[in-house]
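Taken verbatim from Swiss-Prot:
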type	residues	note
ACT_SITE	His42	active site, proton acceptor
ACT_SITE	Glu69	active site, proton acceptor
ACT_SITE	His213	active site, proton donor
BINDING	Asn6, Arg17, Gly214, Gly235, Gln236	3-amino-2-oxopropyl phosphate binding site
BINDING	Asp8, His9, Arg44, His49, Thr99	1-deoxy-D-xylulose 5-phosphate binding site
SITE	Glu150	site 'Transition state stabilizer'
Amino acid sequence: MKLGVNIDHIAVLREARKINDPDPIEALPIVKRAGADQITIHLREDRRHINDFDAKRIIEYSSLPVNMECSIDPDIIDIVAQLKPHRATLVPEKREEVTTEGGLDVIGQYERISDAIEKLKANEIDVSLFIDPDIEIIAACADTGADMVELHTGEYANIYAMLYSNLSKTPHSIKSLELSRKELQEKLSIAIGDLENAAIYAAKSGLLVAAGHGLNYQNVGTIAAMANIIELNIGQSIIARSIWDGLFEAVRKMKEIIDEAGHCH
């Protein structure tokens with residue numbers, strides 16, 4: 001199973017002081033040596049972390065394929081088409097959100113998404129759609145001309161954190177998930193089942209399947225063991241771990257956990 005390392009959070013740290021350090025470009029050889037298969041970046045409309053200068057240099061200098069997350073805004077699609085990353089992953093975007101909150105509305109935004117895909121593919125860029133694990137949405141994805149879907153694991157990750165970490169006892173507790181352990185365990189089983197079923201259906205529909213969002217060293221094993229998922233994109237937890245262990249070791253450890261889980265299924 002492939003690991004895409006999202007390096008946005010290196011730029012988040014830089015932007016906290018609005019200077020040029022740390023530079024995300026310096027992560028590229030370290031991430032590669034540690035065993036990652038892909039670099040992932042998100043060029044947001046508000047440029048809150050990765051900016052156009054970063055994106056251009058990362059795509060130019062990365063010897064690993066670059067997966068560029070972006071919205072379906074026509075101006076952004078034009079920029080991505082010019083930059084020519086290996087892949088573009090289309091994601092929903094709201095300016096006020098802290099991080100991407102849900103999957104693309106592929107059914108409601110079908111025409112706009114199809115237009116974006118057509119433009120990107122004309123520039124020889126593979127396209128993935130970041131979606132909730134929903135069968136109807138996957139059926140629509142298969143018709144858009146996309147090559148891949150990335151299943152949104154955020155709901156699974158949130159339930160897992162409320163069940164197996166101290167999140168519920170902190171200021172970041174998720175109010176909608178302040179439930180009994182039994183209820184959380186039931187919800188977790190459903191979330192895992194939804195992801196497994198979505199991965200199976202997407203693969204049968206001829207789509208490649210990735211997954212990501214909220215994955216960390218504790219919760220990644222279950223997802224990495226799913227047979228139809230071929231790639232995981234993980235960022236914040238790796239960059240957070242790198243503060244303590246260094247970036248090389250943080251990436252290496254994540255890759256090791258993923259590989260071990262993959263051998264178990």
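The backbone N, Cα and C atoms fix where each Cβ goes, and this holds for glycine too.
Shown on the structure are the features that Swiss-Prot records.
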residue: Asp8; record: 1-deoxy-D-xylulose 5-phosphate binding site; DSSP class: helix
residue: Arg17; record: 3-amino-2-oxopropyl phosphate binding site; DSSP class: coil
residue: His42; record: active site, proton acceptor; DSSP class: strand
residue: His49; record: 1-deoxy-D-xylulose 5-phosphate binding site; DSSP class: coil
residue: Glu150; record: site 'Transition state stabilizer'; DSSP class: strand
residue: His213; record: active site, proton donor; DSSP class: coil
residue: Gln236; record: 3-amino-2-oxopropyl phosphate binding site; DSSP class: helix
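Ranking the binding-site residues Gly214, Gly235 by how many other Cβ atoms lie within 10 angstroms of each Cβ puts Gly214 at the bottom. Across the fold, the C-alpha of His9 (1-deoxy-D-xylulose 5-phosphate binding site) and the C-alpha of Gln236 (3-amino-2-oxopropyl phosphate binding site) stand 6 Å from each other. Taking CA atoms as the reference points, His42 (active site, proton acceptor) and Glu69 (active site, proton acceptor) are 4 Å apart.
A separation of roughly 7 Å, to the nearest angstrom, links the Cα atoms of Gly235 (3-amino-2-oxopropyl phosphate binding site) and Asp8 (1-deoxy-D-xylulose 5-phosphate binding site).
Look at the Cβ of each of the binding-site residues Asn6, Gln236 and count the other Cβ atoms within 10 Å; the largest number goes with Asn6. Between the C-alpha atoms of Arg44 (1-deoxy-D-xylulose 5-phosphate binding site) and Gln236 (3-amino-2-oxopropyl phosphate binding site), the distance comes to 16 Å.
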